[in-house]
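Input: a single structure, listed below in structure tokens.
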Amino acid sequence: MAQVYNFSSGPAMLPAEVLKLAQQELCDWHGLGTSVMEISHRGKEFIQVAEEAEQDFRALLNIPSNYKVLFCHGGGRGQFAGIPLNILGDKKVADYVDAGYWAASAVKEAKKYCTPNVIDAKITVDGKRAVKPMSEWQLTPGAAYLHYCPNETIDGIAIDETPNFGDDVIVTADFSSTILSREIDVNRFGVIYAGAQKNIGPAGLTLVIVREDLLGKASVACPSILDYTVLSENDSMFNTPPTFAWYLAGLVFKWLKQQGGVAAMDKINQQKAELLYGVIDNSGFYRNDVAQANRSRMNVPFQLADSALDKLFLEESFAAGLHALKGHRVVGGMRASIYNAMPLDGVKTLTDFMLDFERRHG
């Protein structure tokens with residue numbers, strides 16, 4: 001079978017080595033004669049899987065000991081509710097930075113629980129979409145917390161600045177599409193959350209990193225399944241967790257450590273992004289509408305000079321083993337999601353195809 005590269009924004013490509021190991025262990029996990037999907041989440045065998053996954057995740061991100069790591073249900077959208085329900089306390093106002101589609105979605109959900117002060121950070125620089133620097137974000141004195149999304153998968157916009165608003169500002173962030181792709185200073189955040197289906201593992205699992213002093217503040221209306229304190233006190237097993245997704249995430253964490261950790265992935269991700277953006281920028285046939293300072297290294301949207309060729313581009317790229325390149329319906333065009341599991345060879349294959357397509361149709 002010819003090599004296939006999956007550029008889907010999520011569920012996304014998983015490391016081939018992880019899939020092969022999961023395949024080998026699927027029906028007989030560690031000699032038990034059963035699948036890891038079938039064993040009790042409270043049995044010693046799965047407890048070991050869970051503990052190792054958390055230890056490896058902590059090591060990869062250098063998570064301090066005063067932070068809890070929760071393995072949850074609900075996805076990023078679940079945390080759009082989970083953040084205000086857990087962090088708002090007796091306050092009513094929270095700051096929300098709007099820099100794209102997912103940040104706006106978080107605002108919409110938050111309105112059910114609080115009064116969001118929406119900081120519109122979207123600007124235009126030399127005709128391209130960009131984001132205001134953090135120094136220009138007008139925060140509300142005494143707000144319960146600040147929420148933002150460091151990487152917008154649909155818009156292809158990234159905010160790579162490290163928050164530095166002082167100890168009085170609780171920073172919460174949706175890292176779903178950029179977690180583990182670059183090093184971050186966890187100490188600068190009160191809560192970090194990430195859906196697993198992009199850089200962690202399969203869909204169905206959500207990771208939350210929460211500072212311990214923020215526990216115990218949940219609203220009385222907060223469902224127990226979203227209550228960080230309940231989840232922490234029950235080691236993320238208040239109810240049956242998504243065990244197979246948890247197991248696969250653990251395999252991905254071990255794979256990442258074998259690759260050299262997050263610092264090594266950061267360098268590889270930079271190489272992949274530079275290669276793809278280089279082809280786009282040096283072409284009169286393709287274009288990207290995001291200012292260079294805010295370009296995402298994970299999600300690269302691009303347009304063809306003639307949109308009438310979009311259908312042909314997608315058909316030919318799919319036939320060439322380059323799958324899921326269709327852009328989101330909101331922005332159209334193409335989008336290549338190049339998360340950690342996408343090898344450099346996959347991006348090279350894509351850029352070779354793009355250059356050939358341009359020669360034939362430009």
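Please read every residue number as a count from 1 along the shown chain.
The backbone N, Cα and C atoms fix where each Cβ goes, and this holds for glycine too.
Feature list (source: Swiss-Prot):
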- S9, R42: L-glutamate binding site (BINDING)
- G76, R77, W102, T153, D174, Q197, N239, T240: pyridoxal 5'-phosphate binding site (BINDING)
- K198: N6-(pyridoxal phosphate)lysine (MOD_RES)
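Shown on the structure are the features that Swiss-Prot records.
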residue	record	Cβ contacts under 8 Å, 6 or more apart
S9	L-glutamate binding site	T153, I154, S177, K198, N299, A324, H328, R335, S337
R42	L-glutamate binding site	M237
G76	pyridoxal 5'-phosphate binding site	W102, D174, S176, Y193, A194, G195, T206
R77	pyridoxal 5'-phosphate binding site	S105, E109
Q197	pyridoxal 5'-phosphate binding site	G10, P11, A12, G75, A203, G204
N239	pyridoxal 5'-phosphate binding site	I225
T240	pyridoxal 5'-phosphate binding site	H41
In terms of DSSP three-state secondary structure, what is the assignment for D174 (pyridoxal 5'-phosphate binding site)? strand
Rounded to a whole angstrom, what is the largest C-alpha distance between any two of the residues G76, R77, W102, T153, D174, Q197, N239, T240 that the record assigns to pyridoxal 5'-phosphate? 31
